[in-house]
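Participant: One structure, pasted below without further comment.
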Amino acid sequence: MKQLVLIRPDDWHLHLRDGAALRAVLPHTAQRFARAIVMPNLKAPVTTVAQALDYRSRILAALPPGARFEPLMTLYLTERTTPAEIAAAKKSGFVHAVKYYPAGATTNSESGVTDLGRCRTVFAAMEQHDLPLLLHGEVTDPSADVFDREQVFIERHLASLVRDFSKLRIVLEHVTTRQAVEFVTQAPANVAATITAHHLLHNRGAMFQGGMRPHYYCLPVLKREEHRLALVKAATGGNPKFFLGTDSAPHARRAKESACGCAGMYTAHAALELYAEVFEAAGALKQFEAFASHFGADFYRLPRNHDKVTLVKETWTVPAEFEFGDDTLVPLRAGESVAWKLAAS
Ligand SMILES: NC(=O)N[C@@H](CC(=O)O)C(=O)O
Ligand SMILES: [Zn+2]
Ligand SMILES: [Zn+2]
């Protein structure tokens, strides 16, 4: 049987939530990944090192017995974040980055930043302490078309940020467009990007297949086929600036299947397997390990993992839903098949 053995990968962009939701989703990630960059956009955002420490303990306490998984914590940037907090974050050893959300751009981003100009002293501190900046790279300007918001962010904000803070490590998270791929490719080595499985697998047509499909709604929103193809080329092309970040973003069924549905797709239950489909379809399975297990660790200046995971070419059916606190969670491919299967380790 066809199988793939690779160094255990890490997920460089993940939403774990909290409480019962955390307990429901964490096992899926811990089965596949050694570490994950954990997003700080809880309902009460993780803005301080002390809060990150508490959240980290809750994650560790929620791990299934025997699981080995290291949550890499992040701080949620606000206009009140201080250079002292950045210094403390670096010193902590468990905070690995700071996350920028434009206020109002996405789930739990209300406490985010309205004006990047107000964060310049904090960016300078991050540059000085060598703490990476992670970007939800979209503008919220209502006059910017929702499908153009990433591209406009790059033009209006990212280009000058990269120029002004030339030593700051920056990750443009969940890139979705050809323009983002081009920008990151031509930028200096301190600028990288994560790519999700769902943006590699789907174009925006998925949201409208036979009707409105809220489980395909995420932010940045799925784009045209032209952009998906650019992402596949970037992910499979062996460029160390592009690495795996699922952006697995669980929301309760009733929050998705609603008159105003939440943004986010849940992929952690099959994350690695879905990426393997993409790499196989592109004839690039040889590049998969570097994308999933090498480039992210190298960029974050963390050691690569040593143990291995095995994927076998075997079809399995994704459950229709998972338990999720007092509701359920509808995963990507619910009730449908996935072509690769994680072997028990
Ligand atoms: N990607 C999403 O659609 N949603 C994320 C937030 C984010 O990463 O922007 C979430 O937290 O639900
Ligand atoms: Zn985001
Ligand atoms: Zn995210």
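The backbone N, Cα and C atoms fix where each Cβ goes, and this holds for glycine too.
TrEMBL annotations: computationally assigned, not manually curated.
These numbers come from a predicted model, not from an experiment.
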Participant: Check TrEMBL for me: it has HIS13, HIS15, ASP247 binding Zn(2+) 1, so pick out which one of LYS99, LYS167 it puts in that same site.
Facilitator: LYS99
Participant: Besides HIS15, LEU16, ARG17, ASN41, HIS136, LEU219, HIS251, which of ALA124, ALA206, ALA263 does TrEMBL list for that substrate site?
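Facilitator: Looking through ALA124, ALA206, ALA263, the residue TrEMBL assigns to the substrate site is ALA263.
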Participant: Just to be sure I read the record right: LYS99, HIS136 are listed as binding Zn(2+) 2 in TrEMBL. Which of HIS174, HIS198, HIS199 is listed for the same site?
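Facilitator: For the Zn(2+) 2 site that includes LYS99, HIS136, TrEMBL also lists HIS174.
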Participant: Measuring Cα to Cα, how far is HIS13 (Zn(2+) 1 binding site) from ALA263 (substrate binding site) in Å?
Facilitator: 15
Participant: Over the domain 'Amidohydrolase-related' (11-305), what is the model's average pLDDT?
Facilitator: 98
Participant: Cα within 10 Å of ASN41 (substrate binding site): which of the binding-site residues HIS15, LYS99, HIS174, ASP247 qualify?
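Facilitator: Checking Cα-Cα distances against ASN41 (substrate binding site), the binding-site residues within 10 Å turn out to be HIS15, LYS99.
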Participant: Measure from the CA atom of ASP247 (Zn(2+) 1 binding site) to the CA atom of HIS136 (substrate binding site) and give the result in Å, rounded to a whole number.
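Facilitator: Each residue's Cα considered, HIS136 (substrate binding site) and ASP247 (Zn(2+) 1 binding site) end up 11 Å apart.
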Participant: Which of the binding-site residues LEU16, ARG17, HIS174, LEU219 has its Cα closest in space to the Cα of ASP247 (Zn(2+) 1 binding site)?
Facilitator: HIS174
Participant: In whole Å, how far does the CA atom of ARG17 (substrate binding site) lie from that of LYS99 (Zn(2+) 1 binding site)?
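Facilitator: Counting only the Cα atoms, the answer is 15 Å.
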Participant: Out of the binding-site residues HIS15, LYS99, HIS174, give me the one sitting nearest to LEU219 (substrate binding site) by CA distance.
Facilitator: HIS174
